[in-house]
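Features as listed in TrEMBL:
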- GLY161, ARG162, SER163: NADP(+) binding site (BINDING)
- 5-116: domain 'Tetrahydrofolate dehydrogenase/cyclohydrolase catalytic' (DOMAIN)
- 135-276: domain 'Tetrahydrofolate dehydrogenase/cyclohydrolase NAD(P)-binding' (DOMAIN)
Amino acid sequence: MGTILDGAGLAKKIKGELHEKVKKLNKKPGLVVLLLGENPASKVYVKHKEMDAEEIGFLSKIERLPVTTTEEELLDCIERYNQNDDYHGILVQLPLPEHINEEKVLLAIRPEKDVDGFHPMNIGRLVSGNPLMTPCTPYGIMELLEEYKIELSGKTAVVIGRSNIVGKPIATLLTAKNATVTIAHSKTKNLAEVAKSADILVVAIGVAEMVDKSFVKKGAVVIDVGMNRNAEGKLVGDVKFDEVAPLASFITPVPRGVGPMTRAMLMKQTLEAFERTL
Ligand SMILES: Nc1nc2c(c(=O)[nH]1)N[C@@H](CN(C=O)c1ccc(C(=O)N[C@@H](CCC(=O)O)C(=O)O)cc1)CN2
C-alpha cells in the first residue's frame, strides 16, 4: 500500500502559518469571491473558501450574483473590486453560465489581484519561469510533492487532462522541476499504456474512477485531481483508489488530498498579494 499524501493535513499546517502572519498585520488582507448562479458544487467550494479566509483572519466577502447577471454587469463588478484597496484578491468561481465569456472575465481581473492565477499575463509569467500567481490546484500539488520529498528531476510524468486550470499548468510546473512530461487527453491513443509509463501520474479528466490498475506502473506516484459524485452520491476521484493504492508508492485520496491544498494556495497567494501592496 502506497503512502497517502495527506493534503488536508498539510493544508491545515499552511493555514495555521498564514494565521500567525496575519495576526501581526495592522490591516486585514481582503479576498472577494464572485459566484454566479446556484451551481450546488460551486456553492460548497465558495463556502469553504469563505470559512478558510475567516479562519486565517482575512477580510472575506462573497458576491452572490444571480444567474441572469449579464457579462457587462459582471465586468463592472470586477472593476469595482479592481479599484477597491480593501480587497487584494479577486476570484470568479468557475464554471460560469454559458452566456458569459470566461476569457473576457479572467482578463478583466487585475493580474496583481488574480489570486487564482488564471489571467493570461499570469499564465505567461508561469510559462516563462517568472511566476507572479500560480493556478492553485497545480501549485498545491507541487507543494504536496515537495512536502513528501518526492524526487521529480529526470522522472517521467504523465498528465491526463489538458485544461487551462490544471493540466497545462501542472505540466509546466513539473517541466520546471526537470521531469519529462507528456500531456495525455481524451484523444490519446493507448491511454492506459501511455499512463503506465509514468513515474508520476497526474489525473485530471473529470470521469469518476476511470483510472484503474491497468494505467499504473508499480511504484508510481499517483495524484488524483478528480472530484466526482458516484452513483451512490459519494465523492470519488478519477482514480479507483482501492485498486491503485497497493501499486502506488504515494497516492492522494479524494477527498482530503488535492482539494484542500487548492484552497490553502488560494489563501497563500491572497496574503502574498496583500504583502506586495505594502
Ligand atoms: N475560480 C476557480 N474555480 C474553480 C477552481 C479554482 O481553482 N478556481 N477549481 C475547482 C473547484 N475548487 C475550487 O474552486 C475546489 C474544489 C474542491 C475543493 C475541496 O477542498 N474539496 C474537498 C471536498 C469538498 C466536498 O466535500 O465537496 C476535498 O477534496 O477534500 C477545493 C477547491 C473548479 N472551479
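Each residue, glycine too, has its Cβ placed from N, Cα and C.
With respect to Cβ neighbours within 10 Å, the binding-site residues GLY161, ARG162 differ, and ARG162 shows the lowest count.
Excluding GLY161, ARG162, SER163 themselves, the residues of that chain whose CB lies within 8 A of the CB mean position for the NADP(+) site are, in sequence, VAL159, ILE160, ASN164, VAL166, GLY167, LYS168, ILE183, HIS185, ALA204, ILE205.
Its Cβ placed at the centre, SER163 (NADP(+) binding site) has 17 other Cβ atoms within 10 Å.
Applying DSSP to the domain 'Tetrahydrofolate dehydrogenase/cyclohydrolase catalytic' (5-116) sorts its residues as follows: 57 helix, 18 strand, 37 coil.
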